[in-house]
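Here the structure comes first, spelled out in structure tokens, and everything after it is commentary.
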Amino acid sequence: MTNIRKKHPLLKIINDSFIDLPAPSNISSWWNFGSLLGICLIIQILTGLFLAMHYTSDTSTAFSSVTHICRDVNYGWLIRYMHANGASMFFICLFLHVGRGMYYGSYTFMETWNIGVILLFAVMATAFMGYVLPWGQMSFWGATVITNLLSAIPYIGTTLVEWIWGGFSVDKATLTRFFAFHFILPFIIAALVVVHLLFLHETGSNNPSGLNSDADKIPFHPYYTIKDILGVILLLMVLMTLVLFFPDILGDPDNYTPANPLNTPAHIKPEWYFLFAYAILRSIPNKLGGVLALILSILILAILPLLQTSKQRGLTFRPITQTLFWILAANLLVLTWIGGQPVEHPFILIGQLASISYFTIIIILMPVAGMIENNLLKFTH
């Protein structure tokens, strides 16, 4: 008798996705981040669900409801800090996952890659709205500054901002709708993840060599299930170390002050995982220009397949482009640092140089390096 997992309509899908899936025999730990992102999403949905049971999305009680969760709810502090730091782990895994995709040329899987870019935007939107919910100073002013950027859109900008706010400033209506969207978006993300995997399983996984691995496949289970479990254990160790020993290390002290529209914090900045984009936004001394640069800094990922000039897929055997890739990685760290600094000399100049470098490396230098490497390796035909 054939195993039920191969016959049952529902179990068959699970079997073909996680058990009998043919996987390349040589995928490294860089391929662990997909499953880690899945675990992060599950953690965020579960902790978020329990937080929503005690949270109130009203400007007069939102801040105190979060305090109540931390002080009075059984293990409320644990749930709250797992959710807050879980978001940080989510973004660390996201950035590494995208970086892996860029390094090994996974963007040649066009559908999978484009769904991934949409997922990145969706997760960023969710995280932004979640940061507004505790209704601290940085929640309020972050929401005010970022939503205000939409007013740079010609003609419809101001109307659009007031429509999103539900009034003439960030207030009760804004908080309520942000809570509603913050609750629903993770489920939309989960649906998109299924589509992401659906497209991935049409082609099969990429691998570090960038070569076709059809001739050398192994079953996903037990090889990669056990490997993924190791990754999950390490992820949970890092997350719980953050939660139990340094719960506030990635947060902003200003968010422990209740929101006050009459008192602006000295330095308004988003959570650490948005700082690189915030630095690019601030580096352009024009509102609309800054907003466009901000959007393009992420949207540029969608045009990576068009910038592929090399005859090879990944960067494994391409030392020139490899060097540029790691300079780009360092450049992103510089942008992250600058995003958290005040707008004054020399930070303004450093931010502008890092922003120019970011776009130059991706749009000009890497494609040129690809062509040079083709010639050096005599891949001219």
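Cβ coordinates come from backbone N, Cα and C, glycine included.
Sequence-distant contacts of HIS182 (heme b b562 binding site), defined by Cβ-Cβ distance under 8 angstroms and a gap of at least six in the same chain, are GLY48, THR126, MET129, GLY130, LEU133. What Swiss-Prot lists as heme b b562 binding site is HIS83, HIS182, and the listing cites similarity to another entry.
In this structure, HIS196 (heme b b566 binding site) is part of a helix by DSSP. Residues or ranges marked as heme b b566 binding site in Swiss-Prot: HIS97, HIS196.
The feature ubiquinone binding site is assigned by Swiss-Prot to HIS201. Within 10 Å of the C-beta atom of HIS201 (ubiquinone binding site) sit 14 other C-beta atoms, taking all shown protein chains into account.
The transmembrane segment annotation in Swiss-Prot covers 33-53 (among others) and rests on similarity to another entry.
Sequence annotations record features per position, and here Swiss-Prot assigns transmembrane segment to 77-98 (among others). Long-range contacts of the transmembrane segment (77-98) within the same chain: residues 30, 33-34, 36-37, 40-41, 43-44, 47-48, 50-51, 66, 69-71, 116, 120, 123, 127, 130, 235, 238-239, 242-243, 247, 250-251, 271-273, 301, each at least 6 residues beyond the stretch ends and with a Cβ under 8 Å from a Cβ of the stretch.
For 113-133 (among others), the entry in Swiss-Prot reads transmembrane segment.
Annotation source Swiss-Prot lists transmembrane segment at 178-198 (among others), citing similarity to another entry.
For 226-246 (among others), the entry in Swiss-Prot reads transmembrane segment, with the evidence type similarity to another entry.
What Swiss-Prot lists as transmembrane segment is 288-308 (among others), and the listing cites similarity to another entry. Remote same-chain partners of the transmembrane segment (288-308), defined as residues 6 or more beyond its termini with a Cβ less than 8 Å from a stretch Cβ, comprise 98, 102, 105, 107-108, 110, 113-114, 117, 120-121, 124, 149-150, 152-154, 276-278, 280-282, 355, 358-359, 362-363, 366-367, 370.
What Swiss-Prot records for 320-340 (among others) is transmembrane segment.
Outside the transmembrane segment (347-367) by six or more residues, the chain places 279-280, 282-284, 293, 296-297, 300, 304, 307-309, 321, 324-325, 327-328, 331-332, 334-335, 338-339, 341 with a CB less than 8 A from a CB of the stretch. Sequence annotations record features per position, and here Swiss-Prot assigns transmembrane segment to 347-367 (among others) based on similarity to another entry.
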Filtered by Cβ under 8 Å and at least 6 apart in sequence, the residues in the chain of HIS97 (heme b b566 binding site) near it are PHE33, GLY34, LEU37
Per the Cβ filter (under 8 Å) with a sequence gap of at least 6 from its ends, the transmembrane segment (226-246) is approached by 29, 32-33, 35-36, 39-40, 43, 78, 81-82, 85-86, 88-89, 93
State the residues, same chain only, that lie 6 or more residues beyond the ends of the transmembrane segment (178-198) and have a CB under 8 A from a CB inside it; answer 'none' if no residue qualifies. 17, 37-38, 41, 44-45, 48, 52, 55, 57, 112, 115-116, 118-119, 122-123, 125-126, 129-130, 132-133, 143
Rounded to the nearest Å, what's the C-alpha distance separating HIS83 (heme b b562 binding site) and HIS196 (heme b b566 binding site)? Just drop the number here, would you? 24
Mind checking which residues of the chain, 6+ beyond the ends of the transmembrane segment (113-133), have their Cβ under 8 Å from one of its Cβ atoms? 48, 55, 57, 62, 66, 87, 90-91, 94, 98, 101, 106-107, 139-140, 142-143, 146, 174-175, 178-179, 181-182, 185-186, 188-189, 192-193, 195-196, 199, 270-271, 273-274, 298-299, 301-302, 304-305
List every residue in the same chain as HIS196 (heme b b566 binding site), at least 6 positions away in sequence, whose Cβ is under 8 Å from its Cβ. THR112, ILE115, GLY116, LEU119
